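Asker: Have a look at this one.
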Amino acid sequence: MAHALRLAQRGLGNVWPNPAVGSVLVRDGRIVGRGWTQTGGRPHAERMALDQAGEAARGATAYVTLEPCAHEGRTPPCANALIKAGVARVVTALTDPDPRTAGQGHAMLRAAGIEVTEDVLSAEARHLQRGFLLRVTEARPMVTLKLACSLDGRIATASGESQWITGPAARQHTHLLRLRHDAIMVGGGTARADRPSLNVRGFGPRRQPVRVIVSSGELPDLPPEGEDFGPILRASGPVQDILRDLAAHGITRVLCEGGGGLAAQLLAADLVDDLVIYSAGMVLGGDGAAAVAALGLTGLAQGPRLQFRRAFRVGPDLCQIWSRDGG
Ligand code: AOF
Ligand code: ZN
């Protein structure tokens, strides 16, 4: 299952509105098939693993990071495909909350005499697939807030100079972060001041993330949608409403790259699932622009709190990841 989760990760940012699922087929102690959800969400992970295994799937154990689907899509349900291939046992991490499956995939497998084991590495699977889970159960995507700031949490000097606080390695690392998200969101001020590309470069052909500009004002000229750039969605209003609209579009994972106003709105509404902070070894002082605008806290207890997950060096800078759930 740990290996299936690693495979699932390959689909993050590339498969919305679907979840990024991974699957491993094992027979006689050997891996005979590996699959992960493909670009745009199809083929599903199990289909890919079964195609790879061919006849070797007969009598095998299938590890899947999500309950196999029970609905007829562009191809028959994965539960049927596993039954037809003669798999002996299926091990899953999570029940699929999609109402078209929601336990029926497991039931179909059991009815066909297949041994089913559920909830294996479920915490890890929930963390990896939380964008999809949130979209289906809470009608919002997961949100990652990225900040690149000085040691004292500033993103620009008083005169507005911001390029560059962090080094090239951190900026390259941001592309890895973008790669794993369906949409990149920025405020109008950031879009006008930085003209960010909001695309993914250097990882071969991928689905480009949707560019979401939160502004009711004028938008700068941005490169048109194409091979190197995703569609542009313009949004305004409360962040809760914006996220609900994005989920309705099928978006499961959003990366917010600033500015401070949008960051403050997301934090105040308790909508930040992951906070990624790149800190550069410099100090900009209290007259610089804060990475997070005023929150209007009237007490310490109101300050949003996050759980530490990990930290690592990126070139000369430090990257810290904090999560709402810590899991
Ligand atoms: C699986 N394996 O790899 C994925 C699954 O639009 P469709 O027909 O592709 O179906 C999308 C639904 O299928 C999605 O909401 C989720 O319930 C499931 N995704 N299921 O067995 C996979 N990606
Ligand atoms: Zn399926």
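From the backbone N, Cα and C atoms, a Cβ is placed for every residue, glycine too.
Because TrEMBL annotations are produced automatically, they should be read as predictions rather than curated entries.
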Asker: Need a hand: TrEMBL gives SER162, LEU198, ARG201, GLU257 for substrate, which of ARG178, ARG207, ARG244 is also on that list?
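Answerer: My reading of TrEMBL gives ARG178 as the candidate in that site.
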Asker: Using only the Cα atoms of SER162, ARG178, LEU198, ARG201, GLU257, which the record gives as binding substrate, return the largest interatomic distance in Å, rounded to a whole number.
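Answerer: The two farthest binding residues have Cα atoms 22 Å apart.
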Asker: Which ones, of the binding-site residues HIS44, CYS78, LEU198, have a Cα no more than 10 Å from the Cα of ALA148 (NADP(+) binding site)?
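Answerer: Neighbours among binding-site residues: none.
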Asker: Determine the C-alpha span of the NADP(+) site listed in the record, that is the greatest distance between any two of ALA148, TRP164, THR190, ASP194, SER216, in Å to the nearest whole number.
Answerer: 27
Asker: Anything within 10 Å of CYS78 (Zn(2+) binding site)? Look among the binding-site residues SER162, TRP164, ARG201, SER216, GLU257, comparing CA atoms, and list what you find.
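Answerer: Hits: none.
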Asker: Just counting, how many other CB atoms are there within 10 A of the CB of ARG178 (substrate binding site)?
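Answerer: Cβ-Cβ neighbours of ARG178 (substrate binding site) within 10 Å number 24.
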Asker: Please count the residues of the domain 'CMP/dCMP-type deaminase' (1-116) that DSSP assigns to helix (H, G, I), strand (E, B) and coil.
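Answerer: For the domain 'CMP/dCMP-type deaminase' (1-116), the helix, strand and coil counts are 39 helix, 23 strand, 54 coil.
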